[in-house]
Amino acid sequence: MDSRKRKIDGASTTVAALAEAEPLLELPTRPFPAELEQTRVVSPQGLISFAGNHYSVPPGLTGAHVTVRIRLGEDDLHVVTAGRAVIAHHRRAPDGAGQTVRDAGHVIALERAVLASFSDKAPCRTKVRRPPSAAAQAEAEKLRGRPESDVANRVVIDLSHYAAVADRLRQAPTHEDQECESE
């Protein structure tokens, strides 16, 4: 040990004596609980994506920012609101598996919300369903940023050669055709 002399509060001591007076704590039996947190946005389907998988959250949170919290070394995933309330708890799927993990309670609540939005009322009587006019379609193309004379409309490919070959292949060769080929 270190036998260098030190003066502390007027008393002479060594570093070794100080170390013996303050022993180190024992090592913990479990590793330090490191946590990973990432912010996600809830999709219209009531899902969040994390590590290549989708996990359900309760309905009514579409577009909300939530925090996904995992403790390293554990198989659980917690979804937490900005107010730190845990709104979902899932068993993690293997990373990148493309799985959708849904809580049964979330599925039932989502089905109830969807069914509650349906109506048995008659459709609107004044609405007339008719296809858009040519002027409306041209205006839509302008809004999409495409010119009216799109390349796909200007390019014409003549397929008559292919049709002629297909017609010849459909006909069975005659005896005379075979004799001409052998000569």
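From the backbone N, Cα and C atoms, a Cβ is placed for every residue, glycine too.
Listed in TrEMBL for this protein:
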- 27-101: domain 'Transposase for insertion sequence element IS21-like C-terminal' (DOMAIN)
- 125-150: region 'Disordered' (REGION)
- 139-150: compositional bias 'Basic and acidic residues' (COMPBIAS)
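This prediction places the mean pLDDT of the domain 'Transposase for insertion sequence element IS21-like C-terminal' (27-101) at 92. In terms of DSSP helix, strand and coil, the domain 'Transposase for insertion sequence element IS21-like C-terminal' (27-101) has 0 helix, 35 strand, 40 coil. For the region 'Disordered' (125-150), the DSSP counts in helix, strand and coil order read 11 helix, 0 strand, 15 coil.
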